[in-house]
Amino acid sequence: MALQISPSILSADFSRLADEAKAVEGADWLHVDVMDNHFVPNLTLGVPVVEALGKATDTPMDCHLMIEDPDRWAPQYVEAGAGSVTFHVEAAAAPVRLAREIRAKGARASMALKPATPIEPYEDLLPELDMLLVMTVEPGFGGQAFLDIMLPKIRRTRQLIDKHGLELWLQVDGGVSAATIERCAEAGADVFVAGSAVYGAQDPAKAVSELRGLAEKATGAPGTPGHAATGR
Ligand SMILES: O=C(CO)[C@H](O)[C@H](O)COP(=O)(O)O
């Protein structure tokens, strides 16, 4: 599958969310960071804002729930219009049941791992998912430095995905920029969340296409599935 860029609106101007969403309409997804001030020490937005954003843009929404009790809330984000819903495994009471419910409601089901959470205990869950998110910063804030120490986890996750022959997407989020995206792509990531690297740029749409170009350069020809190109 092709490499995908998902700009994070956490770094956008919240007083102009509709315009900021339109500014990145060449992106594959709009990454929406939902934080509850419990699972992470920050508070952002909820279901009504996601519903409104969905009316303001044609870009599908990739909702990253950094909240407690995602088992209760995630289905509501599907109903609000999210095309992909990511819950944290550290917060979910029943991750398999939740992934199945998200899929049954018509969205892509995705599970996130904080930096200190290993992938290996979740190998058997991978077929239940459409995407796995490896956090490359501690969740909670935009603009943090990329954690290089996550690169081996990205590689090991890619190996597990390929070992099982899954179509699962591998997303990275946190500190992804022109300086770090190539390393993420080489390690096996294929969906890249970028907040400050996109919304901190003079031209967000141009930043999206530059990031896409760098990821493609790191993995092979444009449009070529990353693992085929690199033999992962
Ligand atoms: O999930 C997040 C923070 O918890 C954000 O999506 C992420 O940090 C994006 O911001 P940046 O690209 O500036 O690091």
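Along the chain as shown, the residues are counted starting at 1.
Using the three backbone atoms N, Cα and C, a Cβ is placed for every residue, glycine included.
Remember, predicted model here, so these are calculated numbers, not experimental data.
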According to TrEMBL, which candidate in His64, His88 joins His31, Asp33, Asp173 at the divalent metal cation site:
His64
Can you find which of Ser8, Ser15 TrEMBL lists as binding substrate at the same site as His64, Gly140, Phe141, Gly142, Gly143, Asp173, Gly174, Gly175, Gly195, Ser196?
Ser8
Given the substrate site Ser8, His64, Gly140, Phe141, Gly142, Gly143, Asp173, Gly174, Gly175, Gly195, Ser196, its other Cβ neighbours within 8 Å of the Cβ centroid, in chain order, are Leu10, Ser11, Asp33, Val137, Gln144, Val193
Asp33 (active site, proton acceptor) and His64 (divalent metal cation binding site), distance between Cα atoms, whole Å:
5
So around the divalent metal cation site, His31, Asp33, His64, Asp173 aside, which residues have their CB within 8 A of the centroid of those CB atoms?
Ser6, Ser8, Leu10, Val32, Asp62, Cys63, Met66, Thr86, Leu133, Val193, Gly195
Rounded Cα-Cα span from His31 (divalent metal cation binding site) to Gly142 (substrate binding site), Å:
12
List the recorded positions among His31, Asp33, Asp173 whose C-alpha is within 10 Å of the C-alpha of Gly140 (substrate binding site), in sequence order, or say none.
Asp33
